[in-house]
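Visitor: As listed in TrEMBL for this protein:
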- 556-648: domain 'DYW' (DOMAIN)
- 38-72: repeat 'PPR' (REPEAT)
- 108-138: repeat 'PPR' (REPEAT)
- 139-173: repeat 'PPR' (REPEAT)
- 240-274: repeat 'PPR' (REPEAT)
- 341-375: repeat 'PPR' (REPEAT)
- 412-446: repeat 'PPR' (REPEAT)
Amino acid sequence: MQGLQHDTFLGNHIINMYRHCKDTSSAKYAFDDIHRKNVISWTIMISAYAHNGQYELALQLFNDMQKDNVRPDKVTVSTIITACSNISARDQGREIHQMIIDGKLESDVVVESALVNMYVKSNCLEEAQKVFDSMRSRNVVSWTTMILAYAQNNQEKKALNLFEQMEVFGVIPNEFTLVGALSACSRLRSLADGLNVHGKAVYHGYESHIVLGNALIHMYSKFGHWDLGLKVFSKMPMKDVISWTSMLDAYTEEGRTKDTLQLFEEMNWEGIIPDKVTFLSILGACADLLALEQGKRIHASIISRKLHTDQMVGCALIHMYGRCGSVESAREVFDNIQNHNVHTWTSMISVYSQHGLSRDALILFNEMLKEDVKPNEITFVSVLSACSHGGFIAEAFRCFNSLKRVFDITPTAEHYACMVDVLGRAGFLKEAEELLKKMPISGDVVIWRSMLSACVAFNDTQRAKWAAEECIKLQPGYSAPYVMLSNIFVAEDQWEEVARIQRIMDINGVKMQLGKSSIEIKDKIHEFVVDDQAHPQIEQIHAELGTLSKKMEECGYVPMVNTVLHDVEEELKTYMLKYHSERLAIVFGHMMTPSKSTLRIVKNLRMCFDCHCAIKYMSKILEREIIVRDSYCSHHFKDGVCSCLDYW
């Protein structure tokens, strides 16, 4: 470029122009054309490389600058330290730090803050703290860098201590400082500290800022206070996709899946475009509610945004379709994923296992091994579960024994629970007991629940008592073991034992959770409770259920009144069973959907034996497939048979 050789001032401006245009080639051409380069020329060019991610070139030019005997200024030094931190050039960063200590390079609060950031990014927190402690003047950037570093490296108390010190030194936090402090509160699970930080955010006028609002919603959701998160969300004048997704996650984590779907609709009305994380959250809600129709529409949106081949999204879609009982659709999603990993294989194996398609699960597992994909712990949980449902005892032991020997995976409580289920489902209760006593780890509540289910299925009262007592020791507030044990005593007409269990429940403060069942009809979730009187069509539902009950009795159905945990007249017991929530949901679904279409029901508790028996009759009489997802497993009823084969 003619004229630049002797006009350094003009040359510097041209380099800076190209820097802003992100054209480092033209900037370097202009730089090389300047005959008398000054420190500003070198600094702008180094900055051009650094700001465009060409950190190695920035470091090389910095070395050339020193060889040319041009002394870097503070801006040059802070820029090159930032370049070092972005490519983890820790050794060169240390050399620059030493030159600053020796007085060979200039320094100020910006340079020192850059050093702190460099050591933090290199995971050298002790060195970062030393630089921070030696600083004569600390600005909000240096304080924030250290607070975020400690918050993100499992040193939450140090982060909060620094946050308190910062105010003592009279430094006003910015929104990123507050986000770091909130992150520390979340990890510490300290609501009191979180409320304190929230108060300071309000005091300093940051509550309406999007980044801080998102952090507050996330923190409150971790504490289970979705209501406080909703207050923050509602007050935010501007919301981005992260704000909406954080609130969706808060609802989902609290099991408020109906609210999740409603909020997602509002998000669409507001014109907010969902991202990958949003889709993962909403697909989880659809899976929990068996909301297949909404799940299909979300799948269409995912395809339109070309996210359907993403592995994480693919896993979420497979899970959603699997939970909704649409195994074919799950497999179609699986087949359309271009590059499979252990998670996509495991997701599909899990779907087959959940629906009793044990052979398909094992075939896919073998295909996975042929593709040289190493299974993980969760893969083996699904495979062992498939073996259990299929009665493949020898295959289960072969897989279990290969965990450590072949795949270097130490068996977990979940794997032992599967093996107890394998033996228990086959009626080998003695062998299951021996396995429990010999296993090298302490049994958790999942293992003992597996043992209890087996004992109840085979009416082994003594072992059931033993398994139930262990469940109660580990999780005294969980009602299912008490109920299952009570069922055994009711069947044996031991009402004194039933009363004794009730007294233990009262002592432990255990309350029977209200049974609820839901069904999706035309994109709306309808929820029922036992003997529901609130639904606007309840009279029609009761009338239809009465007609269906008569047909069931004509086909041989006999109410299992011995499962009612109340010592009342048999007629009242029959009435109590008849209006369980899942039956109301099924009848409503039958009334509102085309004949022979599949009904999908979600039950929040373990289905009782009588309802399980009744729904088998319903599926045959109504000529429908009925999928009921209870708290234990997915029941796929068809032609009077359930996929669980009456064991769950």
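The backbone N, Cα and C atoms fix where each Cβ goes, glycine too.
Please treat TrEMBL annotations as automatic predictions, because they have not gone through curation.
Fair warning: this is a prediction, and the values are worked out from it, not measured in the lab.
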Visitor: Quick test of the contact rule: Cβ under 8 Å, at least six residues beyond the ends. What residues does that give for the repeat 'PPR' (341-375)?
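Guide: Same-chain contacts beyond the ends: 311-312, 314-315, 318-319, 321-323, 325, 327, 330-331, 334, 382-383, 385-387, 389-392, 395, 407, 633-634, 636, 643-645.
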Visitor: In the same chain, who gets a Cβ under 8 Å from the repeat 'PPR' (412-446) while lying at least 6 residues past its ends?
Guide: 377, 380-381, 384-385, 387-389, 391, 393, 396-397, 400, 403, 453-455, 457-458, 460, 463, 470-471, 474-475, 478, 647
Visitor: Please report, as numbers and ranges, the same-chain residues at least 6 past the borders of the repeat 'PPR' (38-72) whose CB is under 8 Å from any CB of it.
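Guide: Non-local partners: 8, 11-12, 15-16, 18-19, 22, 24, 27-28, 31, 79-80, 82-84, 86-87, 89, 92, 105-106.
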Visitor: Helix, strand, coil residue numbers for the repeat 'PPR' (412-446) per DSSP?
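Guide: DSSP composition of the repeat 'PPR' (412-446): 25 helix, 0 strand, 10 coil.
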Visitor: Determine the mean pLDDT over the repeat 'PPR' (412-446), rounding to the nearest whole number.
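Guide: Mean pLDDT, the repeat 'PPR' (412-446): 92.
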